[in-house]
Amino acid sequence: MSLSKIKVATKIMKHSLIATDVYEMWIENKEMAKAAKVGQFVALYCKDGSRLLPRPISICEIDNEEGRLRLVYRVFGAGTKEISCFKEGETIEVLGPLGNGFLTKDKNVSVIVGGGIGVPPLLELCKQLKGEKHIFLGYRDTVFLADEFKAYGDVYIATEDGSVGHKGNVMTLLKEKGLDIDQVYACGPKGMLKALQSYVLEEQIPAQLSVEEKMACGIGACVGCICETNDRTMKNKRVCKEGPVFSAEEVVL
């Protein structure tokens with residue numbers, strides 16, 4: 001049976017707070033790490049049996065040598081609060097890797113755009129993507145992971161409160177730079193993705209957008225995370241199964 005269809009008890013190698021309400025967790029499972037692709041996610045289960053549904057967490061980094069995955073998540077609700085209490089050395093039940101990730105295409109100039117908790121999955125993308133990279137990261141106030149992106153390209157930061165970098169949103173910052181862009185990759189809140197989608201379609205720039213949506217089962221069985229698309233053969237698609245990554249031309253935001 002595929003790893004993505006069964007829960008696996010996975011050892012937590014590292015678990016720590018990296019910013020306000022933001023944690024990183026390294027889990028070890030060689031088969032899971034080998035199967036993982038950039039832009040995919042895993043589903044973590046709580047110890048509390050009353051919380052039957054797992055919490056989807058994007059894959060931030062893939063370490064094939066050590067057989068580990070790095071997960072970065074924000075505490076938002078009772079489920080992720082409980083997950084934040086897991087200790088290093090404990091085991092946690094994990095389902096994954098899940099979903100369809102980014103298709104990495106080596107171009108001259110790539111722009112990577114992340115917003116909030118949509119930032120983490122873009123780190124592995126930047127590691128794997130060749131060519132010139134310009135990385136735009138947007139936050140409400142608390143900045144995390146930004147320094148780690150600097151090894152892979154030029155990093156531009158926007159915060160809503162202006163505490164770090166540009167005051168405002170990443171789209172304003174991106175347009176101000178006036179870059180000659182070959183392709184765009186993005187992950188973040190729907191409002192950001194919708195604005196970016198309008199921009200790339202108008203400029204005729206190929207783009208892949210990782211959509212955030214509430215999920216239940218994580219494997220497409222419950223049909224609880226539907227998004228509308230322009231695909232005539234399958235208009236409604238499951239974010240957890242056919243996504244979370246869609247082309248800008250395909251997805252309706």
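The backbone N, Cα and C atoms fix where each Cβ goes, and this holds for glycine too.
Please treat TrEMBL annotations as automatic predictions, because they have not gone through curation.
What TrEMBL records for this protein:
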- 4-104: domain 'FAD-binding FR-type' (DOMAIN)
- Arg55, Pro56, Ile57, Ser58, Val72, Tyr73, Arg74, Gly79, Thr80: FAD binding site (BINDING)
- Cys217, Cys222, Cys225, Cys240: [2Fe-2S] cluster binding site (BINDING)
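Features per TrEMBL, on structure.
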| residue | record | DSSP (3 states) |
| --- | --- | --- |
| Arg55 | FAD binding site | strand |
| Val72 | FAD binding site | strand |
| Thr80 | FAD binding site | helix |
| Cys222 | [2Fe-2S] cluster binding site | coil |
| Cys240 | [2Fe-2S] cluster binding site | coil |
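For Val72 (FAD binding site), the nearest neighbour among the listed binding-site residues (Cys222, Cys225, Cys240), judged by C-alpha distance, is Cys240.
Largest CA to CA distance in the FAD binding set (Arg55, Pro56, Ile57, Ser58, Val72, Tyr73, Arg74, Gly79, Thr80): 15 Å, whole number. Thr80 (FAD binding site) sits 18 Å from Cys240 ([2Fe-2S] cluster binding site), taking the CA atoms of both as reference points. Most buried of the binding-site residues Val72, Cys225, Cys240, judged by other Cβ atoms within 10 Å, is Cys240. Cys240 ([2Fe-2S] cluster binding site) sits 19 Å from Arg74 (FAD binding site), taking the CA atoms of both as reference points.
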